[in-house]
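Positions annotated as substrate binding site by TrEMBL: Arg50, Gly51, Ala52, Arg93, Gln198, Asn249, Lys250. Annotated site 'Transition state stabilizer' per TrEMBL: Cys159, in sequence order. Positions annotated as active site, proton donor by TrEMBL: Asp239.
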Amino acid sequence: MSTFAIPRSVEWRETHVTILNQQKLPTVTEYIDLHTIEDVYDAIATLKVRGAPAIGITAAYGLALAASSYDTESVDEFRRRLKQDRDYLAGARPTAVNLFWALDRLVAAVENAVSINEAKTTLIHEAIHIQVEDEDVCRRIGEHALSLFQPGDRVMTICNAGSIATARYGTALAPFYLAKEKGIELSVYALETRPVLQGARLTAWELMQAGVDVTLITDNMAAQTIKAKQINAIIVGADRIARNGDTANKIGTFGLALLAKSFGIPFYVAAPLSTIDLATKTGEDIPIEERHPDEVTHLAGVRIAPEGVHVYNPAFDVTPNELITAIITEKGIVRSNYETALPSLFAKEEHHETV
Ligand code: MRU
């Protein structure tokens, strides 16, 4: 039982979904209620809720919520509407595979439902299950990740792969919460993560709540910081891991992996199996979201670049598998040979660890 604050970002409330508005953090802590499927779509598309697992959880609740008010005459008609709404929500963001994974899991859950009432209840249970499961999964990832660090290590991260990006604990940030619980000192160096500053606004905020030692730097300070502060390792989350281990994550991750190689320090990816997409063969096949130019030309709503300037704003990049020292999942740590090792994780029995 933790005695320190680990914030949560999504809650099911029977008639609606409540989320922590991640757009407003850290200056305003605001919870908003999502009542319709359009509210859920908007919350995902505008990053009010973000981070691959949290997107999946919210979308699952959104689909269950929408389906709870269907007044179709047959279960087949119910399933047809469900698939339409599944496709609508799937359009909210393209890169994080957890969105499609969660939605498809709900659709599959009612494949054999015999009544509309049964289908409605099953969808809600499945969405709750996805969230409960993710908390456990993140804790396991944290345990595995923590085994890779020594007390006193200084670890760099980018974006926010923390508690508010998941059900709880996070992926890349989970080891820092578990270290805190066990009284192990680790220091985190968080990149601010332009353009929308998930590192500065979210990672710094949530780690500080929990009393984890965190130091904020701007993205262009990474190389100097690795050298001057003798960073021991880099750990990041993922939005989609291809079958061969190529990993899409927040823009800037690829650069950090190149720096890790150059400095001879390990580069770790921490992610649940729900982020591994065996149907995507390599990173070449991962769709990379490009977002609105305003995210680059403006900072906190204030213009910082000339009007009309050309902008390129990819939200993610792909780190090639050869730059990844290890992929840390809830089922253990995989090093190299990803092409065969990743598929075999799915067949592996759950490894219950005492914590
Ligand atoms: O655009 P975002 O903020 O949704 O991007 C999030 C990331 O890149 C995270 O690292 C990733 O989703 C993992 S969250 C556990």
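Every residue, even glycine, has its Cβ placed from backbone N, Cα and C.
Structure coloured by features recorded in TrEMBL.
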residue	record	CB count, 10 Å
Arg50	substrate binding site	26
Gly51	substrate binding site	29
Ala52	substrate binding site	29
Arg93	substrate binding site	21
Cys159	site 'Transition state stabilizer'	29
Gln198	substrate binding site	27
Asp239	active site, proton donor	30
Asn249	substrate binding site	29
Lys250	substrate binding site	26
Inter-residue Cα distance where the pair is Ala52 (substrate binding site) and Cys159 (site 'Transition state stabilizer'), in Å: 12
Pairwise C-alpha maximum, in angstrom, for the residues (Arg50, Gly51, Ala52, Arg93, Gln198, Asn249, Lys250) that bind substrate according to the record: 17
Cα separation, Asp239 (active site, proton donor) to Gln198 (substrate binding site) (Å, whole number): 14
Sequence-ordered recorded positions from Gly51, Arg93, Gln198, Asp239 with Cβ under 6 Å of an atom of ligand 1: Gly51, Gln198, Asp239
Remaining residues near the recorded substrate site, that is with C-beta within 8 Å of the centroid of the site residues Arg50, Gly51, Ala52, Arg93, Gln198, Asn249, Lys250: Ile55, Ala96, Cys159, Asn160, Ala161, Ala165, Gly237, Asp239, Ala315, Phe316
Assigned element (helix, strand, coil) containing Lys250 (substrate binding site), judged by DSSP: strand
Alpha-carbon spacing, Lys250 (substrate binding site) to Asp239 (active site, proton donor), which is rounded to whole Å: 8
Cα separation, Asp239 (active site, proton donor) to Gly51 (substrate binding site) (Å, whole number): 8
